[in-house]
Amino acid sequence: MDRRALPAADPTALWRGLDDADPVGPMWRAAQIFRLVAFVYALGFQVAINGDLEHPAVTWILFAVLTAANIWWTTGYLAGFGRRRWFVASEVIVSAAMMLSTEFVASGQWIADNQTWPTTLWMTNAALSAALLGGARWGFAAAAVIGLTNYYVKGEFLLNFGRNATAILLAAASIALGMAASRARLMHSRLTAAVELAAASAERERLAREVHDGVLQVLALIARRGREIGGPTDELASLAAEQERVLRQLIAATPAPVADGGALLDLGPGLRALATDRVRVSTPGERVLIDAAVAGEVLAAVGNILDNVERHAGGDAHAFVLLEDLDTEIVVSVRDDGVGIEPGRLSAAVKEGRMGISRSIIGRIEALGGTARLESAPGAGTEWELTVPAGEREAQSR
């Protein structure tokens, strides 16, 4: 075997191992760089002050133990197995315990004149780890533990932060890093959901094109020719038309919203899937993004309107669907050139208990905070205008 053909091992594989899987991976890596810098600082501090301590030999032993623990924590955070609650909690507890050991290894005067051993900078690592794992709340809680331990060892609680701003800086850094980590996870989940929805929409549109060019065209032809021939073929025409409607609704079905609840969907492909030789659909050239759950309700309402056109507008009626994006509102207009609706017919249907239009169209849209307006007259066709709020969509549309 030609050894030159073998790929060289990547020495940074462990360092970058989980960055693709964990959206906070780069932050964990940066935190370990800070840990290394803090260790170098603490080592220099230890060398400088060790002779002034009451138990210098014990201090070196504790420093060695803490060094080994930090190597273990660094490995865990970089490899990923340490990104767990118990692991971070162990760092906070051990760090606080090491700070408390200052009372044993140093005199009261030394404690009053110096920072808590083995430096508050090194102990900051515990708060940063908590912030990366659990967000701002965890970071603040860990910072509070480290800060209060420091005050306990020093034997005083200074409110004069102009002289000692360590606690403020520790809390601020932990909160800021925690907020950044939480935001990174949120944006990663939204991006993942958007990619999945885009893939599902593309696949549905591809299937819609294939079915439209084959099965739907045949069903539409059977329905149209059956009505033209009349007689016994009327039943066949009705069955073909019904199956065509069912298949179109299946194609236009919206993918289930993800758990995040804020996933966006392009409304255009779903409406275009409803097009037939008697239904023309016009959509903007750009995507019309809207909450996936809202899109599902709008598509269902439009499907019901087109069903009514098929059943009641007349055999030669055509429908025209127009989608408009007005920034703060989404408007879908459905107009047909059929026989229209007699005055009072809808009110009579509601009184008779037939709630199809009231519930399946008007009720759906009003439940979304929108409006459904109907205009019709005998012989003049029917026009629906469905308006729904566009909602928050800037963050995910980029």
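Keep in mind that glycine also has a Cβ here, set from the backbone N, Cα and C atoms.
A TrEMBL annotation is a machine prediction, not a hand-curated record.
Feature annotations, courtesy of TrEMBL:
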type: DOMAIN; residues: 26-185; note: domain 'DUF5931'
type: TRANSMEM; residues: 33-51; note: transmembrane segment
type: TRANSMEM; residues: 57-79; note: transmembrane segment
type: TRANSMEM; residues: 86-106; note: transmembrane segment
type: TRANSMEM; residues: 126-153; note: transmembrane segment
type: TRANSMEM; residues: 165-182; note: transmembrane segment
type: DOMAIN; residues: 301-390; note: domain 'Histidine kinase/HSP90-like ATPase'
type: REGION; residues: 379-398; note: region 'Disordered'
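Contact count against the transmembrane segment (165-182) (Cβ pairs under 8 Å) is highest for 126-153, out of 33-51, 86-106, 126-153. With DSSP states grouped into helix (H, G, I), strand (E, B) and coil, the domain 'Histidine kinase/HSP90-like ATPase' (301-390) comes out at 31 helix, 29 strand, 30 coil. Outside the transmembrane segment (33-51) by six or more residues, the chain places 59-60, 63, 67, 70, 73-74, 110, 114, 117-119, 121-122, 124-125, 128 with a CB less than 8 A from a CB of the stretch. Averaged over the domain 'DUF5931' (26-185), the predicted model has a pLDDT of 89.
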